[in-house]
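Chemist: Have a look at the structure that comes next, please.
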Amino acid sequence: MSGHSTFEPKHPALKWFESRLPLVGLLHSSFVSYPTPRNLNYWWTFGGILSLMLVCQIATGVVLVMHYTPHASMAFDSVEHIMRDVSYGWLLRYMHANGASMFFIAVYIHMFRGLYYGSYKAPREVLWILGCIIYLLMMATAFMGYVLPWGQMSFWGATVITNLFSAFPVVGPTIVEWLWGGFSVDNATLNRFFSLHYLLPFMIAGVVVLHVWALHVVGQNNPTGVEPKSEKDTVPFTPYATIKDGFGMVCFLIFFAWFLFYIPNYLGHADNYIPANPLVTPAHIVPEWYYLPFYAMLRAVPSKLGGVLTMFSAIIVLFFVPWLDTSKVRSGRYRPLFKQFFWIWIAVCIGLGWLGSKPAEGGYVIAGRILTVWYFAHFLIVLPLLGLFEKPKAVPASITEAVLGKNKGGAPASAGVSAPQTKG
Amino acid sequence: MSTTMSFRSFLLRPLAACALVLGIGFAPALAAEGAPHPPREDWSFAGPFGKYDRAQLQRGFQVFKEVCSSCHSAHLLAFRNLAQEGGPQFSEAQAKAVAESYQVQDGPNDAGDMFDRPGRLSDHWPSPFPNEQAARASNGGAYPPDFSTLAKARTYEVGFPGFLIDILLQYQEQGPDYIHALLNGYKDPPEGFSLPEGAHYNEFFPGHAIKMPQPISEGQVTYSDGSPETVEQYSHDVTAFMMWVAEPHLEARKRLGFQVMIFLIIFAGLLYFTKKKVWKSVEH
Amino acid sequence: MATSGTAEPTRRDFLYLATGAMGAVGAAALAWPFISQLQPDASVLAMSSTEVDLTQVAEGQIVTVKWRGKPVFVWNRTPEDIAKAKATALSALMDPVARNANLAADAPATDENRAAEGAGREKWLVVIGICTHLGCVPIGHSGEYDGWFCPCHGSEYDSAGRVRRGPAPENLAIPPYKFVSDTKISIG
């Protein structure tokens, strides 16, 4: 396992090129020889899965634009034209629509993994914040993309979300009119959303490059949260991580294909198959599932501005997690209390998501308030206090020690050819 | 340990409160929805290997043509679709004959006038009304919805845990269920129900007061294949037809899906063993 | 693969090969929908035919109609135009093939094969109005051969729409069309 060498080109032509632009060397050191902690579990494959989903969304999106018409009177029919007349149009459109949901499923798992194993802690704060920016950009992109088919949910989703900005005093109404480019959501709104929906994914791709760059500066975290101390603690990215990521990706694609081919409209709304009608609001306005927890928080607060601020704060608070968590121990694996609070917080998020899909009345609102308070308390009270009061379990001295300990001190690391296989 | 305990009780209390509140929250919400769930029907196009029943689509088309289309449009349906694979699969000559039996507006001609001509395969299904206002004016203010995507635009709430089970069952025929139930849901209003003028009582329509009178009655359409001429049969057939209009490539989708699934599962298996081989000498 | 195998190299190599091949097949199959979507879609393929009322075309006049987004010239030729076209020997032509979608692909470019079929219909010439060089629309009743002249690169066509001077390589194409009545044709 001494594959951590730097890239040395042998072919003269490649040598010539490398001395002018060390591109292959960069790729080699980033994706081949890059040292990866040997104990990464399958939760770490979601970074690769997310890259795959970003590529999938951009590729299908570019192709869909070849057939889509961004005009209030033609958008709905042009999407149906894709579904009916374009060769494999139904496949590409369903890939794009379901791909957005898959992207969010993967990003939530990726974020939860980071939160559980303390991947945001020093020295990975910048890496974490870049991730939060990507998440914000994803939300904006997905929102504008959902407007493009110009169905009832597109239209009313756009109306409700843009109206959030009217909550800001003095400038609010002007901001909203400027967002709309008119006095209501209309053709001008559709066109600018279309333009931005095409632009933002490339900005996401740019921030992803920074995210990966930051990752490769500080190195990957791992389930123990102990930094690699020797070469024994790591393996080269290729083939070890690549093959594992590849397996993770294909498993994820099976999950994706289940929705894509068999229940492609499950994650959407029936109302979005009704063309937009500015005169009639659907009975139940519900955002896409990935916004539901935030939607529940918005409705939990009785004041308009308060609700909007609460909702935005729920995302902004994530940026400060590296400093809110005061614990000296990084991984949740060795933090018995944190572990429990983590799972409670996950349940709170799911509960908020469920409440977001319910009408804003009676018990739902009260439950929404309790869970919203808990959501913020987790970050603002629980995380700071836990670091002070919690007694963590003993942390292993190194990754290798943790791995061998788990395998009951079996064969030495690099010669354990016949060692029993452990779960991935 | 004592810290742990106090933390536990600290978190248990709000959770219990939560559960209580949620429990209370259920009752009014369910009561508010009122309308009974449409029963789930046995659709030939449901499930991973679902296919449309050609004869059923042809009968459904007949019902649509003879009954529904006098009020409802289907502007995304082209005559050529009637002959396309995965649909009712009329022969091209039959589809052409249907097209030619309709007058389609074309133009302007060299004199600048619009004119009517017999339909062609490339034409779309002509709408019964020139615009929405005209449709409303002729239908007591209600707009008969367009059939193009209607079967996918209707649904009913499944609730927990049914909505999760539907993922595993791959069930997404809520739209057809609702339409079928609606067509069979005309009843006399229960005592005390005040029906607005010009409305009809329907068990499954949200709010129960629907502007559309019972659209079809027994024996109204004459089938040539000996199928029963009942409302139950008519509604099944026309609903299946509407589903095809809304999702014309359903069969191709499920067929490709099966191939992709087989591929992915084999590929995942190969990757798993490759991964095991690669990692064989590294404990992790 | 970076690891050097010690045991059972053949089985391992086969596994790697099979996995790699499977991945390549998958990638290629995935690329297909992205390429396939480029082809003309079903609505374009089914696009309707165009009908032309010939009573509106006076003798000597060329009208332009649109068919599948392209200009089609319908020329009511004078007897002189026809006579000139008939007098031209096949050997004098740059492209001796009729290029008539209604005839066999190797039919010779005689005036009979270029003009409309049937008694009394030889005065009708129906051609796609796109220069076979690089797609410009030629100008009617002009050029040395009294047919069309292409302003882009100077190609000239005669009164049967046959190319007489380069750089265009082929005669103007004749679209599929038929007479639905004596005074009406349907193109496509």
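Here the Cβ of each residue, glycine as well, is placed from N, Cα and C on the backbone.
Pulled the feature table from TrEMBL, pasting it below:
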BINDING   A:His96, A:His197  heme b b562 binding site
BINDING   A:His110, A:His211  heme b b566 binding site
BINDING   A:His216  ubiquinone binding site
DOMAIN    A:13-224  domain 'Cytochrome b/b6 N-terminal region profile'
DOMAIN    A:227-397  domain 'Cytochrome b/b6 C-terminal region profile'
TRANSMEM  A:42-69  transmembrane segment
TRANSMEM  A:90-111  transmembrane segment
TRANSMEM  A:126-148  transmembrane segment
TRANSMEM  A:155-176  transmembrane segment
TRANSMEM  A:196-215  transmembrane segment
TRANSMEM  A:246-263  transmembrane segment
TRANSMEM  A:305-324  transmembrane segment
TRANSMEM  A:336-354  transmembrane segment
TRANSMEM  A:366-389  transmembrane segment
Chemist: Out of A:His96, A:His197, A:His216, the binding-site residues in the record, which is closest to A:His110 (heme b b566 binding site) when you go by Cα distance?
Modeler: A:His216
Chemist: Counting all other Cβ atoms within 10 Å across every protein chain shown, which of the binding-site residues A:His96, A:His216 scores highest?
Modeler: A:His96
Chemist: In Å, rounded, how far does the Cα of A:His211 (heme b b566 binding site) sit from the Cα of A:His197 (heme b b562 binding site)?
Modeler: 21
Chemist: Test the contact criterion for the transmembrane segment (A:42-69) and the transmembrane segment (A:246-263): 3 or more CB pairs under 8 Å, pairs 6 or more apart in sequence, then answer yes or no.
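Modeler: Taking Cβ pairs at least 6 residues apart, the transmembrane segment (A:246-263) and the transmembrane segment (A:42-69) are in contact, with 3 or more under 8 Å.
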Chemist: Test the contact criterion for the transmembrane segment (A:246-263) and the transmembrane segment (A:126-148): 3 or more CB pairs under 8 Å, pairs 6 or more apart in sequence, then answer yes or no.
Modeler: no
Chemist: If you skip the near sequence neighbours and keep only those at least six away, which residues in the chain come within under 8 angstroms of A:His197 (heme b b562 binding site), Cβ to Cβ?
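Modeler: For A:His197 (heme b b562 binding site), the qualifying residues are A:Thr141, A:Met144, A:Gly145, A:Val147, A:Leu148.
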Chemist: Could you tell me what the rest of the chain brings near the transmembrane segment (A:126-148), counting residues at least six beyond its ends with Cβ under 8 Å?
Modeler: 61, 68, 70, 75, 79, 96, 100, 103-104, 107, 110-111, 114, 119-120, 154-155, 157-158, 161, 189-190, 193-194, 196-197, 200-201, 203-204, 207-208, 210-211, 214-215, 218, 272, 288, 290-291, 315, 318-319, 321-322
Chemist: Distance check, please: Cα of A:His96 (heme b b562 binding site) against Cα of A:His216 (ubiquinone binding site), rounded to an integer number of angstrom.
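Modeler: One finds 30 Å between the Cα atoms of these residues.
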Chemist: So if I draw a 10 Å sphere around the Cβ of A:His110 (heme b b566 binding site), how many other Cβ atoms end up inside it?
Modeler: 21
